[in-house]
Amino acid sequence: MDSASFFPNIIAAISVFLLLLISHTPCEAQLSTTFYSNTCPNALTAIRTSIRQAVSRERRMAGSLIRLHFHDCFVQGCDASILLDETPSIQSEKTAFPNTNSARGYEVIEAAKREVEKICPGVVSCADIITLAARDASAAVGGPSWNVKLGRRDSTTASRSLANTDLPGPASDLRTLISSFANKGLAARDMVALSGAHTLGQSQCFLFRDRIYSNETNIDAGFASTRRRQCPTNSGDSNLAPLDLVTPNSFDNNYYKNLMQRKGLLQSDQILFSGDSTDSIVSEYSRNQKTFLSDFGNAMIKMGDIEPLTGQNGIIRRICSAIN
């Protein structure tokens, strides 16, 4: 064989070998901030506009959308399973104890999905829309923004049982909270930062009644007295009170200042500042809002990484509440 034919044959053989090697190498699809840059370049703008309109109509919705993202990611990962309605084959997470008559914003996600479907049908997942909505809701009320990694796909299943076990409750002690977040790959500092989302939103009377009538030393007496007016011992279960009594519609660090004054509304709030390991983080965030906002954004990015469906896993739902 002369040299003229030898080298092309060698190059061809190497190329075939590399193709075979690549085809047999496991490929883990990764989330990316530029995932829709080519397939739906206007998606993020359309979603942001839709979310801002919803928050403009009802400022309380900002906190609800951030909470919806949290309640989605802690159950089966960030896969939009929380949006699925009940069917003969699906036990909806909407009816789990932490969500029933409590989780809000489903219709806001559906509205954003409709806008995106108009410009690029079947491309953008409901799971990504929930994740973007949390970021856009935060920014709409003066909170931090962050770069959202995208490329999640939607589940075809939901789990009411996991929603009942994996979401920490309003009476959780510190060990339970730290453990619940650690199980999802989030550190204690992430947990305290994410709890700062309670600078927004409202809670129902039945969730904080035990705390305000407990006469324990970890609650300010005047604060408890004020909250009792709208939360009687035997009625008014759905009456609302702000989670942050100072600036309930603005994203700031007053939540942590409240905790240091023993004015956390939920037991799971006040336990973060109760003479234990997270006291120093609460104190730091109460003094330095910039640090809190930065840590919150970083923790939200980490939460968005919990067990996403990517690549060929899952589907892209046309309507977020149902399987295609």
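Every residue, even glycine, has its Cβ placed from backbone N, Cα and C.
Annotated features, as they stand in TrEMBL:
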- 1-29: signal peptide (SIGNAL)
- CYS40-CYS120: disulfide bond (DISULFID)
- ARG67: site 'Transition state stabilizer' (SITE)
- ASP72, VAL75, GLY77, ASP79, SER81, GLU93: Ca(2+) 1 binding site (BINDING)
- CYS73-CYS78: disulfide bond (DISULFID)
- CYS126-CYS320: disulfide bond (DISULFID)
- PRO168: substrate binding site (BINDING)
- HIS198: heme b binding site (BINDING)
- THR199, ASP244, THR247, ASP252: Ca(2+) 2 binding site (BINDING)
- CYS205-CYS231: disulfide bond (DISULFID)
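Each of the binding-site residues ASP72, ASP252 was scored by the number of other CB atoms within 10 A of its CB, and the lowest score belongs to ASP252. Fewest other C-beta atoms within 10 Å: among the recorded positions VAL75, CYS120, CYS205, CYS320, that description fits CYS120. Sequence-distant neighbours of SER81 (Ca(2+) 1 binding site) (same chain, six or more apart, CB under 8 Å from its CB) are ASP72, VAL75, GLU93, SER155, THR157, ALA158, SER159, listed in sequence order.
The subset of disulfide-bonded residues (CYS78, CYS231, CYS320) lying with their Cα within 10 Å of the Cα of the residue listed as 'heme b binding site' is empty, i.e. none. Taking only the Cα positions, the spacing between CYS231 (disulfide bond) and ASP244 (Ca(2+) 2 binding site) is 16 angstrom. Sequence-ordered, the extra residues of this chain that approach the Ca(2+) 1 site, with Cβ no more than 8 Å from the Cβ center of ASP72, VAL75, GLY77, ASP79, SER81, GLU93, are HIS71, CYS73, PHE74, GLN76, CYS78, ALA80, ILE82, SER155, ALA158, SER159, ALA163.
When the CA atoms are compared, no binding-site residues among the candidates GLY77, PRO168, ASP244, THR247 lie within 10 A of CYS126 (disulfide bond). The two recorded residues ASP79 (Ca(2+) 1 binding site) and ASP244 (Ca(2+) 2 binding site) have their Cα atoms spaced 29 Å from each other. Nearest Cα neighbour of THR247 (Ca(2+) 2 binding site) among the listed recorded positions (CYS40, ARG67, GLY77): ARG67. Sitting within 8 Å of the Cβ centre of THR199, ASP244, THR247, ASP252, and not among those site residues for Ca(2+) 2, are the Cβ atoms of LEU200, VAL246, PRO248, ASN249, SER250, PHE251, ASN253, ASN254, TYR255. Here the recorded positions are ARG67, HIS198, and the one ringed by the most other CB atoms within 10 angstroms is HIS198.
Within the same chain, residues at least 6 positions away in sequence whose Cβ sits under 8 Å from that of ASP244 (Ca(2+) 2 binding site) are HIS198, THR199, LEU200, ASN254, TYR255, ASN258. Of all the recorded positions in the list CYS40, ARG67, CYS73, CYS78, the shortest Cα-Cα distance to ASP252 (Ca(2+) 2 binding site) is found for ARG67.
All protein chains included, CYS73 (disulfide bond) registers 29 other Cβ atoms within 10 Å of its own Cβ.
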